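Okay, so Swiss-Prot annotates it like this:
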- 1-27: signal peptide (SIGNAL)
- Cys34-Cys100: disulfide bond (DISULFID)
- Cys40-Cys166: disulfide bond (DISULFID)
- Cys98-Cys164: disulfide bond (DISULFID)
- Cys100-Cys166: disulfide bond (DISULFID)
- Asn168: N-linked glycosylation site (CARBOHYD)
- 179-222: domain 'LysM 2' (DOMAIN)
- Cys227-Cys259: disulfide bond (DISULFID)
- Asn244: N-linked glycosylation site (CARBOHYD)
- Cys254-Cys282: disulfide bond (DISULFID)
- Asn291: N-linked glycosylation site (CARBOHYD)
- Asn302: N-linked glycosylation site (CARBOHYD)
- Asn313: N-linked glycosylation site (CARBOHYD)
- 353-387: region 'Disordered' (REGION)
- 370-387: compositional bias 'Polar residues' (COMPBIAS)
- Ala387: GPI-anchor amidated alanine (LIPID)
Amino acid sequence: MAGWPAAEAAGALVVAILAAAAGGAAGKTTIEPCAGADTCAALLGYTLYADMKVSEVAALFGADPRAVLAANALDFASPGAANRILPAGLPLRVPTRCACSDGVRKSVAVRYSARPADTLASVADVVFAGLASADQIRTANGLSAEDPDAPLDAGATLVVPLPCACFNSTDNNLPAVYLSYVVRVGDTVQSIAATHATTVTDISNVNAMGSPIVAPGDILAIPLPACASMFPNSASDYGLLVANGTYALTAGNCVQCSCGPGDLKLYCTPASLTASCSSMQCPNSNLMLGNVTAQSTSGGCNVSSCSYAGLVNGTIATSLSSGLQPTCPGPHQFPPLRATPIAVNQGSYLAPSPAPGAGEAGGDIPGFPGSSNVSPANGPSGSVSQAASVNRPHQIVALILSVALYFQM
């Protein structure tokens, strides 16, 4: 890894060959060996296989809908955010906790409920967009070596292991959060590096690549510059990391933290997304979380600020700091929030510089492209249906004509 001696970096990585598609294509995945029970913040690069609500994407990964929006610098505060529809083909970053399981880093919290016509291959390649392979899902669930295209038992709950990386949450000795990225047709290491504001050398070092060549289905660990927190170990959000140019929600959606664009210093303010939040006033002051006061003097500028110090024992902790600086700071610049996309922009994940509840797995998931995007009323939730849709006018007309011809026979 960049920032480590080259020999140690190469020894710390294991490149595994995994089945990337039912047709037998092979994809390379960077695997980080580990030991212990620690976890880290990580991101999954997911490409929508159909038009989906934000809540449906979140339910698929057991995430909070607003957290998904925040991680992509999409407006997360407006009413009805979870019900917004995202277009098929849209690449998203999904926040996850990267654990240590069976000696390697992976996200093991995702559970998927199979629907009629689901197969291991379709779940791996379509529903989870290549983040997992059919063999990995089979092994994680102790299934027999059956045909990956054989139908699964409807309603069966599957553990879906997903790739992730921690690498001490650093890159070149600077804070970083790692994105698991599935290489798509037409991608090159150069284009991937440009899209994610990193370098070919950095991607090559992190993934122990002998040459900067990738193939569709490969999964790369992409280091993203991030703002690190300095919360005490007792904080429930200890280790919070926010990728540059994005946001994260914490403290039960009471606090929003952002990173960039001017620097890589974490900046947290009240989120105002819930009515039941503990006090956010700094002790022994009139300042609230995120407030900064500045007073110019002959010797410089006296600056006082109230900062977030983590969620400790269910209470929002704050920290007051004061000091003399050479000049007074200007207004804080926040990362720009984008409107919900209605079409796919192939350029990048982010600009430069009653749906399922939050974190509730098992919500309705749209069908495959070309099939119904309406979940069957009586079908198992949280999986894919290939039932035909009759919600488009030309299909309704065809159905009416078929019925009319039937009764004329």
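For all residues, glycine too, the Cβ spot is worked out from N, Cα and C.
Note that the structure is predicted; figures quoted are calculated from it, not measured.
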Do any residues at least six apart in sequence from Cys227 (disulfide bond), in the same chain, have a Cβ closer than 8 Å to its Cβ, and if so which, in order?
Pro175, Leu241, Val242, Asn244, Cys257, Ser258, Cys259, Gly260, Leu264, Lys265, Leu266, Tyr267
Please work out the helix, strand and coil residue numbers for the domain 'LysM 2' (179-222) from the DSSP assignment.
14 helix, 8 strand, 22 coil
Would you identify the secondary structure of Cys227 (disulfide bond) according to DSSP, in three states?
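The residue in question, Cys227 (disulfide bond), is strand (DSSP, three-state).
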Taking just the CA atoms, what is the gap between Cys100 (disulfide bond) and Cys166 (disulfide bond) in Å?
10
Could you state the CA-to-CA distance between Cys40 (disulfide bond) and Cys98 (disulfide bond) to the nearest Å?
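Taking the Cα atoms only, Cys40 (disulfide bond) lies 5 Å from Cys98 (disulfide bond).
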Near the Cβ of Asn302 (N-linked glycosylation site), how many other Cβ atoms are there if near means within 10 Å?
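There are 15 of them.
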Spatially, which candidate from the recorded positions Cys34, Cys164, Asn302, Asn313 is nearest to Cys254 (disulfide bond), comparing Cα atoms?
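Of the recorded positions Cys34, Cys164, Asn302, Asn313, Asn313 has its Cα closest to that of Cys254 (disulfide bond).
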Filter the recorded positions Cys166, Asn291, Asn313 down to the ones within 10 angstroms of Cys98 (disulfide bond), Cα to Cα, kept in sequence order.
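Correct set: Cys166.
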Count, for each of the glycosylation sites Asn168, Asn244, Asn291, Asn313, the other C-beta atoms lying within 10 angstroms of its own C-beta, and report the residue with the smallest count.
Asn313
